[in-house]
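Below you'll find the structure, written out as structure tokens, and then a few comments.
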Number of protein chains: 2
Amino acid sequence: MGTNLVNTVMRLGAHISDDDQGSVHSITLFISLLCACIVIGHLVEETRWINESVTALFMGLCAGGIILLTSKRKSSHILEFNEELFFIYLLPPIIFNAGFQVKKKQFFQNITIIMLFGAIGTLVSFCIISLGAKELFQKMDIGYLELRDYLAIGAIFSATDSVCTLQVLNQDETPMLYSLVFGESVVNDATSVVLFNAIQKVDLSNIDFKATLKLTGNFLYLFTASTLLGVLVGLLSAFIIKRIYFGRHSTDREIALMILLAYLSYMLAELFDLSGILTVFFCGIVMSHYTWHNVTTSSKLTTRHAFATLSFIAETFIFLYVGMDALDMEKWKLISDTPGSYVGVSVGLLGLVLVGRACFVFLLSLISNCTKQSKNDRISFKQQVVIWWAGLMRGAVSMALAYNQFTRFGHTQQPGNAIMITSTITIVLFSTVVFGLLTKPLVRCLLWSSFSSEASSVVLPLLSSAHLSDTVHEMGSGRIHRRPSFCMFLSQPTNIIHYYWRKFDDSCMRPVFGGRGYVSGDLASPKEDIVH
Amino acid sequence: MGTNLVNTVMRLGAHISDDDQGSVHSITLFISLLCACIVIGHLVEETRWINESVTALFMGLCAGGIILLTSKRKSSHILEFNEELFFIYLLPPIIFNAGFQVKKKQFFQNITIIMLFGAIGTLVSFCIISLGAKELFQKMDIGYLELRDYLAIGAIFSATDSVCTLQVLNQDETPMLYSLVFGESVVNDATSVVLFNAIQKVDLSNIDFKATLKLTGNFLYLFTASTLLGVLVGLLSAFIIKRIYFGRHSTDREIALMILLAYLSYMLAELFDLSGILTVFFCGIVMSHYTWHNVTTSSKLTTRHAFATLSFIAETFIFLYVGMDALDMEKWKLISDTPGSYVGVSVGLLGLVLVGRACFVFLLSLISNCTKQSKNDRISFKQQVVIWWAGLMRGAVSMALAYNQFTRFGHTQQPGNAIMITSTITIVLFSTVVFGLLTKPLVRCLLWSSFSSEASSVVLPLLSSAHLSDTVHEMGSGRIHRRPSFCMFLSQPTNIIHYYWRKFDDSCMRPVFGGRGYVSGDLASPKEDIVH
């Protein structure tokens, strides 16, 4: 009792108790590593081939190696891979920021093909990987896996990593490809949720028309509900800030409210078993379209950079962690008896990922191109190759799903599960490093001509005057209405929808939720009004 | 196995597992409450009597009441009071922001009296409360408490709450009082660490000269080391950003680096058993003096508002939590047998807090006034009353310490411990609400004349031109050197130190660490260059 009391007081003195001392150590190390990543990432940026995610991965590997040596091969990671950490704290800021800074015009122009790729494409990829894995692995000696395990493998390796996509594709250089591949990966998440729910709800031995219909309905419900929730929370934030803060702005409160409501949208979606990623993405879009224009100039600048910074820190953290976790001895020991199977499974899965994505990208592009009359709207073969390649990376989402499927209920010890975990790590590392490193050069090589034309179409001469009008005329004044001409109607049919949406937006939405003087659709996102 | 697997897949589908589902619920509720606090706090701000902390406390009480009713009197809080949450995540942003936005001239001009109040004052208060509690409680029937418990009580109730002080005193209205009371509460923390370490290291039955000397040395070490660590990390951030980012700024990286290094300073201090609060406070001061001037204009604005927002959210969170925790039935049930003792202890402790603070404030002010020759430098009686009153609030720090001392090792069940916990909650609530509500009117009443003169001395005519020169001449140009005249030497002796510091700063520090054109000491903090 005496010693205990002494200990209590001692710990109390240092403010943080023994239980927390471990977390102090790991947090300190992690933050030091994050700082190092930022500095080194900046220094090697000149080379243009290495992106920040690869730097973070390598830093994680190095740190993991050092920890492994100092802890006498006991462990290489200082934080357990934690789904809560990933899904509750790291993912929301990344996806919200993507929605907040996305070029809305590009995104909504490609919405049909994004939905096609995200929903149908993921399904195709899921089927190919599941079936392929079943065929391949049953021939190998990797222990017993259930049918559900194979289906899970299909879903795990169909999940395109949106974080990686954000890092390798540049929104300003290739806006169309960026919105397509990133938009696809967001829809992809909703599809995965439905797939996983379906795997256990539907009787696997008896899939009929009714079950398929139910599945489709489920997907539509999930997609609509998630989107609506995001839009509602976004509009709520716009309404509150417009009404309550009208006339007497308070920068810190505005920013706090925007951050908290964005996070609330994600948590509400998770609470209602919806897709948090979809919700927070659309919440970001609505906030950038309405809320962002109701706040003070200071708040505008602050939110834009603060959200980008949060997202940047979260991304670096994830890659650092994945790198650090890759050297975990416990997993590698389990597969040391069957190195052949491990290599076979990894190569096989990587091949399936490549084939699965190739199938749906080229197939769906073909279908999409058949429906398009104008040659400009079609997806060229070179673009198809880039889309296929840029979505090959598998990241932390795959890791989290694999951990969840193959390490629960103490059946980690089974060789089959250990092989699956190590193979997932290998594929994540390989795809991020190799595919990630090659994407930028590939984009430059293949799309040099189309990329420059695409970029020039975005840099409108209106940009500077639009920016000026944004800072001078606040609060909805200075709108420019342009009736679409007959020529425009014929040449660009998507503009009709855009015109009527703009009309509805001006007459119904803006009076209630605010927004800025509408000049051109693709100028209305926070990313583009940067004050240098 | 089958059902388990189904559950796994089911949970996997929703991305967040059962273990985390609880935290999703509580996080959602907490964020909703935070949003409500911000909106309601803004709406009731007009009244000027109710500050945001009181709003958050009441919101917490209401939410606690509702949870209590819906959970059938089982519990009123949704998150356990967690030291880690408080000391690792909530406190650092608040204290860092205070250092970052503090008016440095006022703070350093009052450094002697801040040290006197913070170190000697806390000791006096600690002795009075410990002795008083021992005398009082031994007459009451509240169960057995050890000598160490009484000493802990002294330390718990000597801890002035810096968060509350920040909320009730306004830096712009009463800069001198603000820097004095807030500075005192920061030094207070270092003193508490030494006191707690001392309580268990020194043999309590035999306190001699050597032990006292060791104690003093320990305090000096702790204070110096914590300050140095903060200054070093701050200078490191300035150096990195000046050297590496020179010529090619990256806003998001700059901001990320500043946030991470600030947090790193706190965690390093905790790792080395120093006072994290002191370290992060000085890190904030150094960052606002050097680092802040090396970054882009966007980063300047963003960091200023982002740090203020983080601090604001953390403060609101703490008060919300304290309010919610106050209705926890478990604690109140334990003292239901001895309500008399509980009331006695609470009133007794509150009286001791009042007396303890009164003793040292009036005594030390008397000593300080005796050494001052100029009448302007003396602390008037009215000011003494405000200093005494503004430091009476006890907040989350006291709560955390009380929980640590009286709920560990399963001896919560002892009536003495339960009474101490409930009394702490009562004092925290009472002091925050009553003293907090009365501070603003009191300051206005007592210091109306001196307050207006003080305020006018701060609003220098240089402000607007200084602001202009800050935005136009970046990177250390446009410095104005003024040699102190003989008259100035005679009238304001502190200016000599200020003059030589400025010289040293200009010749040695700025060339290495950056900083802006020096115009006047109190214009160099981020708070004052606000672009409206």
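Backbone N, Cα and C atoms are what each Cβ position is placed from, and that goes for glycine too.
Note that this is a predicted model, so its numbers are computed, not measured.
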Stated TrEMBL location of transmembrane segment, expressed as one of B:143-164, B:385-406: B:385-406
Highest-contact recorded stretch vs the transmembrane segment (B:342-364), from B:24-43, B:219-241, B:275-292, B:304-322, B:385-406, CB pairs under 8 Å: B:385-406
Surrounding residues of the transmembrane segment (B:304-322) on its own chain - C-beta under 8 Å, 6+ positions past either end: 30, 33-34, 37-38, 41, 52-54, 56-57, 59-60, 63, 77, 79, 81, 86, 89-91, 93-94, 96-98, 100-101, 163, 166-167, 255, 259, 292, 395-396, 399, 425, 428-429, 432, 526-527, 530
Cβ-Cβ under 8 Å with the transmembrane segment (B:107-129): same-chain residues at least 6 beyond its ends: 151, 153-155, 157-158, 176, 179-180, 183-188, 190-192, 195, 219, 285, 349, 352-353, 355-357, 359-361, 363-364, 367-368, 379, 387, 494, 498, 521
Two-stretch contact, the transmembrane segment (B:81-101) and the transmembrane segment (B:418-438), at least three Cβ pairs under 8 Å: no
Same-chain residues near the transmembrane segment (B:49-69), Cβ under 8 Å, at least 6 residues beyond its ends: 29, 33, 36-37, 40-41, 75-78, 163-164, 167-168, 315-316, 319-329, 429, 432-433, 436-437, 440-441
Remote residues contacting the transmembrane segment (B:418-438) - C-beta distance under 8 A, at least 6 residues beyond either end: 49-51, 53-54, 57, 142-143, 149, 153, 156-157, 161, 164, 167-168, 319, 322-323, 325-326, 331-332, 334-335, 338, 341-342, 345-346, 349-350, 353, 389, 392-396, 398-399, 402-403, 405-407, 412
